[in-house]
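Data block below; observations after.
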């Protein structure tokens, strides 16, 4: 057998997988996945049977209910979705190497006969609001719109939910929260505003930053009320105080937040359609939104009538061709992003008349693991890890802003550096155990041994850590002016993760106002069109601070949902 269908048909009939009429159930393949589970068990049950494997692919870090067909195809060779981000060697039966041959929005515009046939037909569905993208912004918008009385469809072009949000690890920035007060952390929306503007080199839109900072506490409260654990509060680069909220023990915030959002969307019976791509925002003769043309992977083109459309499609950091055109210095860089982050939403918005801004500002995350392609959260540094070069020397304030940290790493021998930490840092942040499990964090019982393993000058490394520990004891980093010195590195084993910058966040995007309404080049609102999250520009300026992305997507997602629902009621 060359594929799963050929294998299954040796012992079973077609209707073991398919509906009796042979038609695919929907673009989410709901029926087909139910049949998979009926034979093989749930993802959790399968993960238990494969736990002996070095990389247990079924023990997924993805939120939501990951469908079997996210990786396993039937009538063609399968592709391991993990390989879209990582470079692990999975040996899956009937599989081929990961590839993404997805036509662009412009290329799809050439499907004129199919598109015109769909548009000439009656709408497939009629709702109040369509949300495009199932990341943190999309789910927040869908839930918020639903709670405001709107009927909502949420579409997602990938086979898995979560967008980039599911990969976020550091925290959710918010000011003057109950969690901060409980830890006696003094903060304010004004200070968060100042930090965000400074981090963005004051290119940010102050009005949008004010929305972000002044509503950040409400966003944390909103998530907490829905079941999120955001009790741990850490520090991220560019912040004056600890304001990065995350789960107890320092677990990754993104997957947790998306899981909470997903669970709440399910409770509200929100219509979620996977493998479904937003193609064109439809407008009437007056330029007002009347719906959206979509393309299902299996069902093809159809249109949905809606009063409002919310674009929450993320950025374009995975599209290196587009990145390099805007910033040639990033040509050939790998990305920390999920495979869908190629800029579809920007094309859809532009075709609808939306203006783009700040497109030239593209951020590299300083710590992408050289082995495995795993983004290592900034919280590792925030909790005490140091950065050293191959010569075993520190060379930068570890929790400076990402642009400065990335530039400093690229200036080192080999254009990479090493995160060095001990068991005390590991115990403070449960996310680190994931890196160890993935094999990207070698360990040794001495710094000399660790240096030998990783090609670092062990003698110099030992001296560097001793020097750093003395600075921790003194309470002041006179070498690089690191503002926080949470702990000495002298407990148990030592760890090293080789890291290099990877394209991480695209600060530019669709121009929006303080109601999340998309605007044209004349700064006029396009009635019924909204944007939230990384698809938009103006919030972060020239550089995004760690922890501000989750805050951004939740805050503006909520806002877009509320405003779209209000707009729908009026129309």
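Backbone N, Cα and C define each Cβ position, glycine as well.
According to Swiss-Prot, the residue from 190, 321, 491, 534 that belongs to the FAD site alongside 137, 156, 164, 165, 169, 170, 171, 278, 338, 505, 549, 550 is 534.
Together with 36, 39, 40, 94, Swiss-Prot lists one candidate of 8, 54, 61, 124 for binding heme c 2, that being 8.
Remark: of the binding-site residues 137, 550, the most isolated position is 550 (fewest other Cβ atoms within 10 Å of its Cβ).
Counting other Cβ atoms within 10 Å of each Cβ, the binding-site residues 91, 377 show the lowest value at 91. Note on residue 39 (heme c 2 binding site): other Cβ atoms within 10 Å of its Cβ, all shown chains, come to 11. The predicted model assigns the region 'Flavoprotein-like' (118-571) a mean pLDDT of 97. Shown are the binding-site residues 18, 86; the one with the most C-beta atoms within 10 angstroms of its own C-beta is 86. Of the listed binding-site residues 378, 534, the Cβ environment within 10 Å is emptiest of other Cβ atoms at 378.
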